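Below: one structure, written as structure tokens.
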Amino acid sequence: MRLESKPGDWQQNEKLTCSLPVFYPIFMKHTRNFCIIAHIDHGKSTLADRLLEHTKTISEREMQAQVLDDMDLEREKGITIKSHAIQMDYHYNGEKYTLNLIDTPGHVDFSYEVSRALAACEGALLLVDAAQGIQAQTISNLYLALDNDLEIIPVINKIDMDGAMIEVVKDQIIELIGCKDEDILLASGKTGIGIEEILQAIVQRVPAPTGDPEAPLQALIFDSVFNSFRGIIAYFRVYNGTIKKGDKVRFMNTGEDYEADEVGILKLGLQARSQVDTGDVGYIITGIKTAKDVKVGDTITLTKNQATEAINGFEEVKPMVFAGIFPVVTDDFEELRECMDKLQLNDASLTYETETSQALGFGFRCGFLGMLHMEIIQERLEREFNQTVITTVPNVSFVAYTTRNEKLIVNNPAEMPDPSKIDRVEEPFIRAQIISTPDYIGNIMTLCLGKRGMLINQSYLTPTRVELIFEMPLAEIVFDFYDKLKSSTRGYASFDYHPLDYRQSDIVKMDILLNGDKVDALSALIHRSRAEDFGRKLCTKLKELLPRQQFMIAIQAALGSKIVARETISAMRKDVTAKCYGGDISRKRKLLEKQKEGKKRMRQIGNVEVPQEAFLAVLKLND
Ligand SMILES: Nc1nc2c(ncn2[C@@H]2O[C@H](COP(=O)(O)OP(=O)(O)OP(=O)(O)O)[C@@H](O)[C@H]2O)c(=O)[nH]1
């Protein structure tokens, strides 16, 4: 994200409406491409539903049915109907307009995809919750929209709520984007207030798309979905030219040629058309079977009559967080591999390679866009593929330079070379933006400085809202930062971050030993200043999480050969079922079954049984 864009520049987009080319056809004049941006839970989905209902794109009955159908359909066919993009017809002043609503994923893990979706629009509805006011993602999404030169329509949403502070939030918005009082719309996605005004504003204020229908085809891919019958369906926005069914097309960044088996527009489902024109949003099916071959941000052109340039801004999305995923039962490794292969077919941003751990056997080292992405993948493996897996400590990607000046990318603590062979290590830094009421500045500073953050800027957005900008190591955010921020500000602070660069850092490897055996899956890479404290807390947490056994268990944390912390779990004296002997047999069975259930996610390491929670203990360290 470029941060140079200044809030207040927002009205400059008028230039777009005035510079229409002479060949500007009527269908483009009546097209509007827009998205809805907001902080999480400010009511995006609910408002989108009302827009679809109001324009009769989806009837009330379908809306109900749709919500119910969605999960099954998505599972069976991989089609997401309401998200991604949908076209509405809207009649205004006796003329029919085509409004394309492009949905954005909204979470920082997927911010590259958000920026591509925004690039396919000319305008954005900026929703702000009337009770909560401006939050961190309101601002970061606004900046993304400004970077893409979008016309911003500010909307105060949820005005039906008792706690709505319309005037206060109006002032916040005026301060932030420099608009006029009358530019701000008032709405409630729940009751339907303001929906007609929003649709009118989209037609009146969002510029119609520009472009040359006669020029060579340039269509930007802003999203793709996987359909098990039809392969990958790519969603695009046509900037110049026309795409027709049967055309031979080229994906400019991957350099691959395909045939357009089907093209069309996105209504409640896919609607095939003979062609999709300049300025419009549509889909293409080419028989591509894997998500890897369709990259968000790529440009589609024709094989003959190619565009000379791709639409700029294509970027390979890089994983930010890495963790091991292992089958609970070692024999299930091949089955897990098949599931990972299938999962990657429809999620190109998941990367994985085989990993061997002494403790856990064969598994995969996976790369994720962020912690949310990691949770989603784990959940999908369990729900859709019925796998029971153990996930290990997540870590960021470090860069180690050896004394021979080789550069190594370290995505796994086990790959970190011996300290004697390392010249220096670099770690990724992020720019964190925190917005809060001024009462909590002290707590936020303590938290962020404790996480090796540096305060870069502090500014008051309004007298009651302060924005703090820090530069911090990504590794510090990955663990428990967000929860800590919420608890130290009683939920008042909101937070967003963006990657910055790699910086030299004193990183060491912390090993954990159980009864003297090093458990590689519990190793972590950590800053030296935090290592001893981290080791102590981790040992204490592991003591809580490891079940007692018939013998004593020593838990040790070590930096190289130096033990920095130790805890002991004493031996269990009695058999858990002993008290049931001679008693009720069904009670005994229940107890044994309960134990079996608990074993599901246990791994035997040496002679110690380690439950899944222990592998992620790092995420739950006490203060
Ligand atoms: N009172 C009131 N509640 C609303 C309104 N719009 C949405 N909500 C509620 O606010 C919550 C969040 O709404 P969503 O539409 O899911 O918000 P969202 O921005 O799409 O959320 P994410 O997709 O999670 O970012 C839900 O519980 C809604 O019922 C509104 O206009 N008034």
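The backbone N, Cα and C atoms fix where each Cβ goes, glycine too.
Where the annotation comes from TrEMBL, it is an automatic prediction and has not been curated.
As recorded in TrEMBL, the features of this protein are as follows:
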type	residues	note
DOMAIN	29-210	domain 'Tr-type G'
BINDING	ASP41, HIS42, GLY43, LYS44, SER45, THR46, ASN157, LYS158, ILE159, ASP160	GTP binding site
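Counting every protein chain shown, the number of other Cβ atoms lying within 10 Å of the Cβ of SER45 (GTP binding site) is 14. Checking the binding-site residues ASP41, GLY43, SER45, ILE159 against ligand 1, the ones with a C-beta less than 6 Å from an atom of that molecule are ASP41, GLY43, SER45. Spatially close to GLY43 (GTP binding site) yet at least six residues away along the chain are LEU127, ASP129, ASN157, LYS158, GLY189, LYS190, judged by Cβ distances under 8 angstroms. Take the binding-site residues ASP41, ASN157, ILE159: by the count of other Cβ atoms within 10 Å of each Cβ, the lowest one is ASP41.
ASN157 (GTP binding site) falls within a strand when secondary structure is assigned with DSSP. Annotation note: SER45 (GTP binding site) sits in a helical segment as assigned by DSSP. Note on the domain 'Tr-type G' (29-210): its mean pLDDT in the predicted model is 84.
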